[in-house]
Ligand SMILES: Nc1nc2c(ncn2[C@@H]2O[C@H](COP(=O)(O)OP(=O)(O)OP(=O)(O)O)[C@@H](O)[C@H]2O)c(=O)[nH]1
């Protein structure tokens, strides 16, 4: 009897011990599984900051503008920005970005108008091995962010190496040996970052510094015998001016292509200033002339190029103008600056009237590391432009630049075609910038032609090319006055880096020598 009681007690104790052991084992398994899962999720989340979102767009700074190498200034298109939904509640930090929902990988605590994080090598949704690598200058993934190292320090360092090669993240049957113990949520396959193909693209030459390029003009504009600066300084420095003297000044300004309206404005301003405080030394004459010319050229005009993506879409630029002015060359040069700043650029060859024009653009694309969309000779330019923008959106590029045909101004029907290009593109994305390319050496004639373009597509900025080929820099003043839009860029030669942002002070200094 006593023995059987003892045996029963022993059995019960054994059962209790067994149950306790099982429970402890279950708890250990639960904790271990939880740790593994939480670690994996943490990796995936950090990686998502580097990942291309499901809509194919890439994360870009939404700061609304940046200076490329303290030279070129780029910003987002304003028209579409106002159409965007209001920003989400960010009580502690005032946001200027109104882009709406955060993108994949955005930290909700960090406004997207905070100092921009470094650019990263983001894989495309559908890497096309046949195409040239279009981001030759983009910083590598392991490169720490340059602008905002403190904003999101955890996002950048070595998340990609951990995530990219881990194919077992998705099903992972071995991680949860006891399904009922694992967290109830099934292990959803998270959008795994595609392996960055990082094909060896064409080796591109280094871009020249963008800052101070306008300084190249200095020697060119002042070297000429009848240079504006030299003549004006001589006349004004000669002492008290009689009416003949003022007429001579007027003639000098007209000769330099400033046009009558600007010439009158400059002379009036000089007369007023001199009456108020006469100048005595050569330095004072120069300072006065500099001040008047800078005021006339409009130091406060917005000359930033609207080439930053917004609302998950690329920025769209149309490049228009008479044939031979330098549209294709300018498109290539500008693409080069953008690519060098880590932007993905797609060029659309909408000049389908001439196969050589598309070839020329393609050559530029290959040379600077941009993608290109072209149509067959004689294809509808609007269709090519539409396709280019559609592909740019699909591939999440930052900016699409459409090079248009230049012969359009000669026939009314063809001018209508240019209007159609813009309207059709706008079905896909807002056109942020219409750059009119104008040859500085054609003077009044070129300006008359330019006006036709301005009537058909409302231009937002002028690129004045071939300024290196004229001693008459005054065309800048005239163009702005006549077209009512700022000169944003100037061409200073045929070389890939001979494109400069227009800076009023540097330009006037170049004029005055
Ligand atoms: N000196 C100088 N030459 C330039 C400049 N910009 C362009 N060019 C040259 O001007 C010529 C015409 O340039 P393109 O870019 O082909 O002109 P386009 O407007 O595209 O011409 P189409 O395709 O015929 O409409 C080329 O030889 C360029 O090298 C510049 O700023 N200075």
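Including glycine, each Cβ sits where the backbone N, Cα and C put it.
Keep in mind that what you see is a predicted model, and the values were worked out from it rather than measured.
Under the heading transmembrane segment, TrEMBL lists 15-37.
What TrEMBL lists as region 'Disordered' is 46-201.
Feature annotation from TrEMBL assigns compositional bias 'Basic and acidic residues' to 48-61 (among others).
Positions annotated as compositional bias 'Basic and acidic residues' by TrEMBL: 128-138 (among others).
The compositional bias 'Low complexity' annotation in TrEMBL covers 139-156.
Per TrEMBL, compositional bias 'Pro residues' is recorded for 186-200.
When secondary structure is read from DSSP and collapsed to three states, residue 327 (GTP binding site) falls in the helix class. Around the Cβ of residue 327 (GTP binding site), the same chain contributes 319, 320, 321, 351, 403, 404, 406, 437, each under 8 angstroms and 6 or more positions distant in sequence. Taken from TrEMBL, the feature GTP binding site applies to 321-328, 403-407, 465-468.
In the predicted model, residues of the domain 'SRP54-type proteins GTP-binding' (486-499) average a pLDDT of 93. Per TrEMBL, domain 'SRP54-type proteins GTP-binding' is recorded for 486-499.
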(message) For a three-state summary based on DSSP, what are the helix, strand and coil counts in the domain 'SRP54-type proteins GTP-binding' (486-499)?
(response) 0 helix, 6 strand, 8 coil
(request) Could you say whether, by DSSP, residue 467 (GTP binding site) belongs to a helix, a strand or a coil region? (result) helix
(request) Could you pull out which residues elsewhere in the chain have a CB under 8 Å from any CB of the domain 'SRP54-type proteins GTP-binding' (486-499), counting only those six or more residues past its ends? (result) 205, 207-208, 213-214, 216-217, 220, 298, 301-305, 326, 329-330, 332-334, 336-337, 367-368, 435, 440, 461-468, 476, 479-480, 507
(message) At a 10 A cut-off on CB-CB distances, which of the binding-site residues 321, 324 has the highest count?
(response) 321
